[in-house]
Amino acid sequence: MTTRYIFVTGGVVSSLGKGIAAASLAAILEARGLNVTIMKLDPYINVDPGTMSPTQHGEVFVTEDGAETDLDLGHYERFIRTKMNRRNNFTTGRIYEEVISKERRGDYLGATIQVIPHITNAIKEKVLAGGEGHDVAIVEIGGTVGDIESLPFLESIRQLGSELGRERTLFMHLTLVPFLGAAGEIKTKPTQHSVKELRSIGIAPDVLVCRGDRAIPANEKAKISLFCNVEERAVISLKDVDSIYKIPALLRSQGLDDLVIKRFNLTCNEADLSEWENVIYQEANPNGEVTIGMVGKYIELPDAYKSVNEALKHAGLKNRVTVNIKYIDSQTVEAKGEEVLQGLDGILVPGGFGERGVEGKIFAAKFARENNLPYFGICLGMQVALIEFARHVAGLEGAHSTEFNPQTPYPVVGLITEWINEEGDVETRHESSDLGGTMRLGAQLCHLKEGTKAAVAYDSATCVERHRHRYEVNNNYIDRLEKAGLVFSGLSSDRKLIEMIELPNHPWFVASQFHPEFTSTPRDGHALFEGFIAASYAYQKRDID
């Protein structure tokens, strides 16, 4: 299969939405019957985002094969059916790590290692490997043209453009076309300078996607075309919209996909965007609304919970309700208690690491349990629900996770290597997909207990979901917690690890060790989120009635 490559760059300012634009174009091409994948090349020195602060970088998106990647890969999976993997995202740090490792092994036979050709060759190899087996591979270059960090990536795609030829490569550049209120006009000069910068390093853009708060008039498009040496029909206006899921139709209406198909000399069907039209209709025509309190520790940057935010919206689409998310700092819950949890239709406690704010999350789980308020716990959200139940229902006063209190008298949650069995020995359990010894990453099978809310929601005896955690439920406390009324509704593939818990006599008190948000999409939703939002809407209606 001959793969065609679309390289997406950005200029003028950051945060223009390259990832959304790339994913939207991919969605149109997929709707035309093409097999499409998307890659993200990140210029930072970190090897991967796994240890980066969520408040600086946003969430870490976990792929099926266990790669910790940029949140843009979440956008890609929500827009197209292709599943991402570790080949879809790599960083400067990863490239340098691999090149230096090869140099230490002597793979370069004593050659002087340089950015060109060794680093650029390594980048090109990864791009070509990532696109293998697909009709079209869209490659997003992180950062902004002009950044020193991006230069090796830009040089690499310049070389690929030359080596593969025009019939297999296309360069798409996103720029900002601002409207100056004082002057009352659109300004194209920033775009002209950005294209000049790009051309100075040997890349001539074939398509310009011009971002702004309004549509660009035809005369301004003609001006941009003239000064940037781009066909007028290849100057695409991408104005701000109230829903990112409108963007595929917006790009389609301006013929961007036709331009790509013609450039690559492909023969394919017209785009069928009916699924996206249905999503937009559902979003625009809700029958009600719910307010969900998200109790977390990274709430100053909503992108830290990007996939959770989107999954809640998807569940709203399926239930025909608008989901309003109220972000609540778990430390504020510690300070003010019930006061900040009033007026909610449901509580969601997402994943997280570290001790800060954990007692606030435990309090939120207790509040939901005692008030029959729908509760959904994810990863740490399941662990705090378990800790709360152990303390206040099962009589295990002082129960905790060894992550937060290594001296707890009742370690109901701990590292899998920390369990002490009845003989007093340290018990070690792991699954073949464990990485790094203690972190469970990637998609794994879960067995669901018949008749539970989890099994009913999935309408299946099993599910496959993605993990990202180090700590597990301590199996030594399962019997005692079950006798107190807790239901362990999900077990790992070997049935040795707890994956889900729930309360039977509660409208919706369900929690999972895995991260279901990573597999939710606007077209398909996700069973657990849909069940949670349905229960939250029913709770609200009960109050009204």
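Positions of Cβ are set from backbone N, Cα and C atoms, glycine also.
Site annotation for ATP in Swiss-Prot covers SER15, LEU16, GLY17, LYS18, GLY19, ILE20, LYS239, ASP240, VAL241, and the matching candidate from ASP72, ASP107, ASP303 is ASP72. With GLY352, LEU380, GLY381, MET382, GLN383, ARG470 listed by Swiss-Prot as binding L-glutamine, the candidate from GLU300, GLU310, GLU403, GLU517 annotated for that site turns out to be GLU403. Of all the recorded positions listed (LYS187, LYS189, ARG470, HIS515), HIS515 sits in the most crowded Cβ setting, with the most other Cβ atoms within 10 Å. Each of GLY351, PHE353, CYS379, VAL384, SER401, VAL413, HIS469, TYR471 belongs to the same chain as GLY352, LEU380, GLY381, MET382, GLN383, GLU403, ARG470, is absent from that list, and has a C-beta within 8 angstroms of the C-beta centroid marking the L-glutamine site. The Cβ of GLU140 (Mg(2+) binding site) has 27 neighbouring Cβ atoms from other residues within 10 Å, across all protein chains displayed.
Taking each of the recorded positions ASP72, ASP240, GLU403, GLU517 in turn and counting other Cβ atoms within 10 Å of its Cβ gives the largest count for GLU517. Most Cβ neighbours within 10 Å, among the binding-site residues GLY17, GLY19, PRO190, GLY352, GLY381: GLY381 holds that distinction in the structure as shown. Within 10 Å of the C-beta atom of LEU380 (L-glutamine binding site) sit 25 other C-beta atoms, taking all shown protein chains into account.
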